[in-house]
Amino acid sequence: MAGEITETGELYSSYVGLVYMFNLIVGTGALTMPKAFATAGWLVSLVLLVFLGFMSFVTTTFVIEAMAAANAQLHWKRMENLKEEEDDDSSTASDSDVLIRDNYERAEKRPILSVQRRGSPNPFEITDRVEMGQMASMFFNKVGVNLFYFCIIVYLYGDLAIYAAAVPFSLMQVTCSATGNDSCGVEADTKYNDTDRCWGPLRRVDAYRIYLAIFTLLLGPFTFFDVQKTKYLQILTSLMRWIAFAVMIVLALIRIGHGQGEGHPPLADFSGVRNLFGVCVYSFMCQHSLPSLITPVSSKRHLTRLVFLDYVLILAFYGLLSFTAIFCFRGDSLMDMYTLNFARCDVVGLAAVRFFLGLFPVFTISTNFPIIAVTLRNNWKTLFHREGGTYPWVVDRVVFPTITLVPPVLVAFCTHDLESLVGITGAYAGTGIQYVIPAFLVYHCRRDTQLAFGCGVSNKHRSPFRHTFWVGFVLLWAFSCFIFVTANIILSETKL
């Protein structure tokens, strides 16, 4: 849940943390990136991908700095509580006690740094896992906290809508193609409409909605309970994902090497930038989960370098996946879910591989859906929670899970346009989480740290982008993106 301080958990090395972060960032968004690349043109896509990767790295360092500042505040509060307990346990005050207390009160008025003793641990060590919601409560006012939760909730709703649409869409594409006249999947020149027949009198859209209903009935009830992803399930889903990505890249390279590449992507097509922007922002999203990833890292000496290395590797992977895709397949034949392009017999001869690639999103996304749903439900609870209050059983166990589950399922019922869903989620809620919230967090944490610790203090995890210019630049970029995407949507709608 976004609003709690939780246990650090089992520690792991910095390189294991690097792998975890890689797995977190490279998710569903990567499967929608090839089509977005083909639509916007390869040069525009490459430039935007690199720039958005850099901006995500900047705000990631902002969040790490805010985590360190939050830990410093918690460290000092524990010291204060310890001193208060010692004062309560002391006997009746003597003259010397009065003198000591007077000295302590004077010390309270001085910056925290001047009170610390040599040999004490660095207060900026990231030892407590302080989630983003708790950091918002520490550094923002009430309005800021509510806006933070609103942004998180909108993003999680978008996430659930994408997942709720992706699974039935994949099942529809694989099963309708396999049971129709084309037993080998989606052919390159075949254009299916939702009104085309799937099984007998059932249309493709009917099959999609049947799968959506089954998906909701099977996974929806988990929203009403607490569920967490086990380590072994995480290992299994990660293994499946990397096998699938590796197979797709190798198959695309083989086709290109044999001269069978069909793609001739344009250099630039600015009409596709809107969706590309949203997809790229969504594909670099990790800021909301950084406390869970960074805190258990045992050695944080070179944390910024490792994070930078992670981003370089992710950029290289996204580039390899997308460029092999757009030169292997024609732009108009690329599917919203890239895995579905490998349901063709002329691309993959083995039926087992075709079905594995076509259906692998079904398993991996299905295991994530309950986790995100429970996270969203808990954020709703935190948003309306009042100190010392409890929710009635009906509100806690029925109302919150229902308002969590119903909206994304309704969105998925109305559309299965995954590229647009990812684009809109990334462009709006993603911009808030990836740019706006980290920028305001680091600005307020720096101000609070200076007031509490004095001007001479140094946050050991301070971002290399420490000048206030970078905070302003990130906010200006976020505002520009919001205006651009909104204007693009309005112009696109007026043309229809």
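The backbone N, Cα and C atoms fix where each Cβ goes, and this holds for glycine too.
Membrane topology per Swiss-Prot: Pro34 and Gln450 sit on opposite sides, carrying different topological domain names. Of the listed residues (Asn181, Asn193), Swiss-Prot tags Asn193 with N-linked glycosylation site; the rest carry no such note in the record, though that does not show they lack it. Residue counts for the topological domain 'Cytoplasmic' (443-470) by DSSP state, with H, G and I taken as helix and E and B as strand, are 14 helix, 0 strand, 14 coil. Neighbour list (Asn193 (N-linked glycosylation site), Cβ cut-off 8 Å, at least 6 residues apart, same chain): Arg204.
Sequence-remote contacts of a segment are chain residues at least 6 beyond its ends whose Cβ falls under 8 Å from one of its Cβ atoms, and for the transmembrane segment (307-327) they are 18, 21-22, 25-26, 30, 33-34, 37-38, 42, 45-46, 49-50, 53-54, 56-57, 60-61, 64, 245, 248-249, 252-253, 256, 261, 263, 265, 283-284, 334, 338, 341. Pairs of Cβ atoms less than 8 Å apart link the transmembrane segment (234-254) most often to 355-375, out of 205-225, 277-297, 355-375. Here the transmembrane segment (205-225) does not lie next to the transmembrane segment (277-297) in space: the count of CB pairs under 8 Å, restricted to residues six or more apart, is fewer than 3. Counting Cβ pairs under 8 Å to the transmembrane segment (398-418), the stretch among 11-31, 147-167, 277-297, 471-491 with the most such contacts is 147-167. Sequence-distant contacts of the transmembrane segment (277-297) (same chain, six or more residues past either end, CB-CB distance under 8 Å): 2, 6, 8-14, 16-17, 20-21, 24-27, 29-30, 32-33, 36, 48-49, 52-53, 56, 59-60, 63-64, 67, 126-132, 152, 155, 303, 314, 318, 419, 422-427, 430-431, 433-434, 437-438, 481, 484-485.
According to DSSP, Asn193 (N-linked glycosylation site) sits in a coil region rather than a helix or strand.
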